[in-house]
Structure formats: C-alpha cells, structure tokens
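Participant: Sharing a structure here in structure tokens format.
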Amino acid sequence: MITQNKKTATKPKILTVVGPTSSGKSELAVQLALNFKGEVISADSRQVYKGLNISSSKVSGKWERRGRRRFFVYKGVLHHMIDLVSPRKQYTAGQYKKRAKRSIDDIFGRGRLPIIAGGTGFYIDALVHDLELPKVKPNKRLRKELEKLTTDQLVHRLRALDPRRAKEIDIKNRRRLVRAIEVVVMTNSQVKPLEHSHDDDPYDVLIIGIKLHEDELKRRISEVVENRIRDGVVDEVRRTHKRGVSWNRIHNLGLEYRCIADHLNGKLTLDEMEALMKKEYWNYAKRQVTWFKRDPNIIWLDTPEKAFPIVQDFLGREAYPLPGQSET
C-alpha cells in the first residue's frame, strides 16, 4: 500500500512514463503497475474520446464492474481517463487536468500508486506540475481574422509570436494553430520552459522516458500504422463519421484522422493514405521529443527493463521488492 510520510517536506509519490508514439509507454506502465501495486492514468488527448480505439492506440481492455463502480481494465490493471466523451465534443487540457487530479486522489484513497502514461506532453505538464492553464475565452473577432489566413500564414504568425510552441504543435491542424495564436495574443505570454526546481509541485514525481534509436522508432511507427490499417482503422473512422462526427471535426483530431478522412472522401488512395500516415506519425514523434526535452528531470532509458530498479529505489526497496527478491 502507498503510504505518505507525515513530514511536511514529503509529497505523495507518483510515476510518469513518457516518450514518443510507438515507443512502448503503455505496456511499460502496465508492467510497473503490476509490480508496484499501481493504476494507470492515460495522458493522451485522443484516448478520452469514445469509439476511437484503434486510431488512438487504446490498450485492448474492457469495462468491468468492481463493487459499485466500473473501470477500464487491461491485464488486470485499472486504467483511467479513457472513453470519457463523444468525439463530437472538444476536451480541453483544463478539463483533463481537473478530472485526472480526481483520479489521482481516488487511486491514493484506495492505497494504490498512480502511474501516468502517455505522449500528450501538455496534459502531463499541466497535471504533475500543476500548471496554471490560461482561461482564454474564444475571441470571435480575432478568430474571424485568423480564419482568413492560409495554414502557412498561421504557422508563420505563431512562429513570430511563440517560436517554442510553433516547434511543438501540429502545424497542419488549423484549429490548434488558431487557438495557440489566440492564447498568446490574449495573454501576451508564451509556453514556458520547465527549468524551475518544481519545489511547488503537488507531487513527488519520477518521470521515466523511453528513448529509442531513430531507425528503431521509424520501424515501430511503420509497423503500428500497418497493423492499424489491417485491424480496421479506416472502418473505425467511417463509423465515427456515420455517428454524427463531421469531416471537419475528424480533420481537427489530427494525425491519421486527417489522412483517413481524405482517403474516405476520395482525395487519397489507400497506398497514399498509408504513406502519409507514416510521415505524419514520424513528424508527431519528433514534436513529442522536442516537448519532452524541455524537462530536465526526465530519466531517459533505452530499454524498459531498466525502469524497474529505478522505480524501486524511488518508492523504497523494502516496501517494493522486485520479483525474485525476498522481502525484509
């Protein structure tokens, strides 16, 4: 059971597993949960949406009743922040932070260890570092002006206002470009580097990052894309549209959704769609790495197995012996 030291300097401990897409974050988080009595909190901006299973790389779990509550369970591990809303709705980082904090409290309350795992760096930073998210209401006048610009012009505008954010954002996603510009203009502030000591953070956080060689990551991305197509991701997006999600909304979900929507609307052949999906995911992986490099506290590992002794030291060797070790 996770217990807190009553000393004022002690904060509740949580684990975080980060890394680019296709690096193996989800499986490592599950194995850590099994070894260290934990539960997983997804930090993925698309896994919050119902029905986007193949396309968002949700683990292949199922909903199970535990007492009076239902949980999403995979390999015996409870998962949180999955299947929350319809893809017709937008789910913001602020909404994610609020609900994920409740999940952390709930996990602690049941004597378990919260393990955050995902590739949406902004969600993770907002949660573990308790970032103040800008409460910027939509500015209709500004948006009307920005909508007149081409996508390239929006990218140029964002680069001038906030070069760091421009390196990390999906530069083909007009909705996100407009919102990023809107936030900078209305708040007169840029994304801040995470170079402070985190003394005011609410948790004692161990962040494990999975770092793969470029060739291996490219190979995995290619394999993941091919598997998704084989498993029916095109039909999944087609069903999503038939359930009332507009093509524009599907486009705004980014990455493969944009590629598949164009294929279903006759703009891309199947082969062209597959090639573009691989390219989009590689570019996304590079943006993720750029984001995570901002945090000097991440411990980067080239193999998942190296995480276990590090986590054990963080939590306490006596309280958490690894398999094969005797408890003292």
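Backbone N, Cα and C define each Cβ position, glycine as well.
Pulled these features from TrEMBL for this protein:
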type	residues	note
BINDING	G19, P20, T21, S22, S23, G24, K25, S26	ATP binding site
BINDING	T21, S22, S23, G24, K25, S26	substrate binding site
REGION	44-47	region 'Interaction with substrate tRNA'
SITE	T120	site 'Interaction with substrate tRNA'
SITE	R143	site 'Interaction with substrate tRNA'
Participant: Tell me, by DSSP, whether K25 (ATP binding site) is helix, strand or coil?
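Facilitator: The three-state answer is helix.
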Participant: Which whole-number value in Å describes the distance between the Cα atoms of K25 (ATP binding site) and R143 (site 'Interaction with substrate tRNA')?
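Facilitator: Just about 36 Å between their Cα atoms.
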Participant: For each of K25, R143, count the other CB atoms within 10 A of its CB; which of these recorded positions has the top count?
Facilitator: K25
Participant: For S26 (ATP binding site), which residues of its chain lie six or more apart in sequence with Cβ-Cβ distance below 8 Å?
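Facilitator: The answer is V40, S57, V59, A117.
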Participant: Using C-alpha atoms only, work out the spacing between G19 (ATP binding site) and T120 (site 'Interaction with substrate tRNA') and round it to an integer in Å.
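Facilitator: The separation of the Cα atoms works out to 9 Å.
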Participant: Between R143 (site 'Interaction with substrate tRNA') and T120 (site 'Interaction with substrate tRNA'), how far is it from one CA atom to the other, in Å?
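Facilitator: Between the alpha carbons of R143 (site 'Interaction with substrate tRNA') and T120 (site 'Interaction with substrate tRNA') there are 25 Å.
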Participant: Counting other Cβ atoms within 10 Å of each Cβ, which of the binding-site residues G19, P20, G24 scores lowest?
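Facilitator: Looking at the binding-site residues G19, P20, G24, the Cβ with the fewest others within 10 Å is that of G24.
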Participant: So among the recorded positions S23, T120, who's got the most Cβ atoms within 10 Å?
Facilitator: S23
Participant: Ranked by the number of other Cβ atoms within 10 Å of their own Cβ, which of the binding-site residues T21, S22 ranks first?
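Facilitator: The largest 10 Å Cβ neighbour count belongs to S22.
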Participant: Can you give me the average pLDDT across the region 'Interaction with substrate tRNA' (44-47), rounded to a whole number?
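Facilitator: Taking every residue in the region 'Interaction with substrate tRNA' (44-47) and averaging pLDDT yields 95.
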Participant: Express the distance between the Cα positions of P20 (ATP binding site) and T120 (site 'Interaction with substrate tRNA') as a whole number of Å.
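Facilitator: Roughly 9 Å, rounded to the nearest whole number.
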